[in-house]
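First comes the structure, then the notes that go with it.
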Amino acid sequence: MLLNQRCSAYSPQLGSRLHINHTILNVVGLGGNVGMYLSGPFWGKIVDSKGPRIPLLSSFALHLIGYSGIRTIYSNGLPEGTKSLSHFTIFLLVLCSFMTGVGGNAGMCSGINTTAKSFPDHVRGSTTGLVISGFGLSAFFFSTLAHLVTPGDTSSFLLLLALGTSLPMLVGFFTVRPIPLPPSEVEHHHFHHDHEHVDYAEVDAASITPTVLDHHHDNDSRTHLLGPEDEDEEVLEEGRGVELSPPRTRASSRRSRRDSRSTVRHIPVESGPNVHGLSLFKTLDFWVLFGILSLPAVSGTGLMYINNVGSMSQALYAHEVLEAFDPVQASKWQSAQVSTVSFMNFSGRVFIGLLSDFIKARLGLPRSYLLLLVSFLVLISQLIATHIETVEHLWKASAVLGLGYGTVFSLFAALCVEWFGLAHFSENWGFLSLSPLIGGNIFSVAFGRNLDAHEGDSATSKPNPADFGPSAPEKEIQCLAGRACYVDSLRLTTVACLVAVGLSAWAAWRDKKRMEEEKAKLSSGRSGEVDVIWEEEEEER
C-alpha cells in the first residue's frame, strides 16, 4: 500500500474541513512517512528471524486503528466555537498517520521478504517488482473505487481505506509463507555466470558432497561418475569447488564416452555476500545507495510530489476557473492525479524488475546501470512540472514521476540483495529505507511552507476567494497564483535530482569496476586448475 498517494487523495479535504494549513498537512503526511521508514529495520529483523505472521497481524491492527482514527477526527470536524484544531487533536492526527505508516511497512516487508526467499536470483527482480507493484497500484484502486461508490464523500473514503487495507493483511496472516528454494537454486545463487554460453557450472563442494556424491545416493546418470562402487575413491576437500560438464542427452552421452574425458577442476568458490549489522554501515556501497535515496531526493522528490500533487492540482484549477470554482470538480482533478501516479508507479515497478533481470541475466551487465535511468526519470518529471500551467496537463508530470518513483524501490530492493546478501535482506532493506526520511521531510515541509507563503496570492485582476460564494469556502482555496504557488519547490528538487544523477553514475561505475575485478580474479584462479582425467568405462556390449 502506498501511503503517500492515499494521503494526497484526502489531505486537501482534511485541511479544508479542519482549517489546517499546508505546512501542518505535510506534517500529518510525514507522520505516516516516518512510521513507514523508521519501522523498517524493526520489521525487517522480525521477518528475518520469526517470519511474516507477526508483522501481518500487526499491520491489520495498525491500519484499522489508524485510518479509523483519521476518519473519526474528520467526521467530528471543529468543535463549536473554535476556528482551529487543538494541538492535542493535531497530535492524534499525526499519531494515526504514523500508525498507518508502520502498518504499511509491516505488510510490505512481509511481502518482499517472502518473495525474495521464494524465487531464484535470475527472476528475483521481476517477482519482487511485481509484488511491490501491488502496493503502488493500491492508491489507484482505492481512489477509483471511491470515485465510483462514494464520489465526494471523504468520510466514506477513509472508511474504505480502513477496511480495504487491514482485511488483506488478515488474509495474509493465514496464507503468506516463504517457499524454500531447491538446493540447486540455492547453489546457483552463489555462482558467477558470464553472459556468454558456459561449458560448465561451478558447484560448491560442501553442498554437492551429500547429494551428487553421496555414498548412498542412487546414480541414475548413464555416465557413472561416482557410483556406489566408487565410494572410497573420491573425497572432495571442504571449501573447494568442482566444475562439471553440462547435462547431455543419452545418445550424446554414449557417443562422447568413447572419446571424451570428464574433468574435475578445483577452483575456489566465492559464497554470496552476507553484510549486516555494523558491517553494513562500514560499506561505501550502502552510503551511496542511502545518499541517492535521501538528500539527492530520488525518493525524497517523489514523496514531496506525491504528498502535494492534490494541492498542486487544486492551485492550478483555482487559477483557471476562479469564480466558477467547483469543489467536486477540483476533487476529480485531484483524484485523477493520484490515479495517474499510482498506475504509473505500478507500471514502473513491474518494468524495472523485468529490465533489471534482463540486463543481468542476458546482457551480463550490473543492475546498478539502471540507477541512471531512475534518476533521469525523476529529474525529467520535475522539469515537466515546472513548466505546466494548466491542470489539464499536470498528468504528464504525474505519469513520469510515478514511473520513476515506481522504479526506485523495486531496483533498490534487488540491489540490496545483490550487494549485501539474502540472509539479512529485510533488516538491511529496513536500514536503507530510512533514507527517504531525510529528503522526504526536508522537501515536503519546504513545499508546505512555500505554498503557505503564497496563500491568497492571485493576479491583480482576480477577485478574493471570499467573493466566490458558498461553494468556495475561504480555507479551501489558499493560493490563486497557479504554478507560482509551488514552482520554487520544484526548482529545489530539480537541483537535488541532478545530484542524484551524478551519484547514480558513480555507483554504476563502482559496480562495473568490481565486476571486472571479480572476473579477473576468477580467471587467475582458473589458470592454476588441475585436470583429473577419469578412465572411461568399457564400452557396453
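These residue numbers are counts, starting from 1, taken along the chain as shown.
Every residue gets a Cβ built from N, Cα and C, even glycine.
Because TrEMBL annotations are produced automatically, they should be read as predictions rather than curated entries.
TrEMBL lists 213-223 with the feature compositional bias 'Basic and acidic residues'.
Look at TrEMBL and you will find 213-268 tagged as region 'Disordered'.
For 86-108 (among others), the entry in TrEMBL reads transmembrane segment.
According to TrEMBL, the transmembrane segment annotation covers 129-150 (among others).
The transmembrane segment feature in TrEMBL is assigned to 156-176 (among others).
The list of residues near the transmembrane segment (286-306) in space but at least 6 beyond its ends in sequence, with Cβ under 8 angstroms from a Cβ of it, reads 2, 4-5, 8, 33, 275, 280, 341, 371, 374-375, 378, 381-382, 385, 397-398, 401, 404-405, 408-409, 412, 415-416, 419-420, 431-432, 434-440, 442-444, 446-447, 489, 493, 496-497, 499-500, 503-504, 506-507, 510. Feature annotation from TrEMBL assigns transmembrane segment to 286-306 (among others).
According to TrEMBL, the feature transmembrane segment maps to 368-388 (among others).
What TrEMBL lists as transmembrane segment is 394-417 (among others). Sequence-distant neighbours of the transmembrane segment (394-417) (same chain, 6+ residues past either end, Cβ-Cβ under 8 Å): 112, 116, 121, 124-125, 128-129, 132-133, 136, 289, 293, 298-299, 301-302, 305-306, 309, 312-313, 316, 333, 336-337, 340-349, 351-353, 356, 367-368, 370-371, 373-374, 376-378, 380-382, 384-385, 388, 425, 428-429, 432.
Marked as transmembrane segment by TrEMBL: 429-448 (among others).
Look at TrEMBL and you will find 490-509 (among others) tagged as transmembrane segment. Counting residues 6+ beyond its ends, the transmembrane segment (490-509) has Cβ neighbours under 8 Å at 285, 288-289, 291-292, 295-298, 300-301, 304-305, 366, 368-369, 371-372, 374-376, 378-379, 382-383, 385-386, 439, 443, 446 in the same chain.
Within its own chain, the transmembrane segment (368-388) is flanked in space by residues 292, 296-298, 301-302, 305, 312, 316, 348, 352, 355-356, 359, 394, 396-398, 400-401, 403-405, 407-408, 411, 415, 483, 487, 490-491, 493-494, 497-498, 500-501, 503-505, 507-508, 510-512, which lie at least six positions past its ends and keep a Cβ under 8 Å from the stretch.
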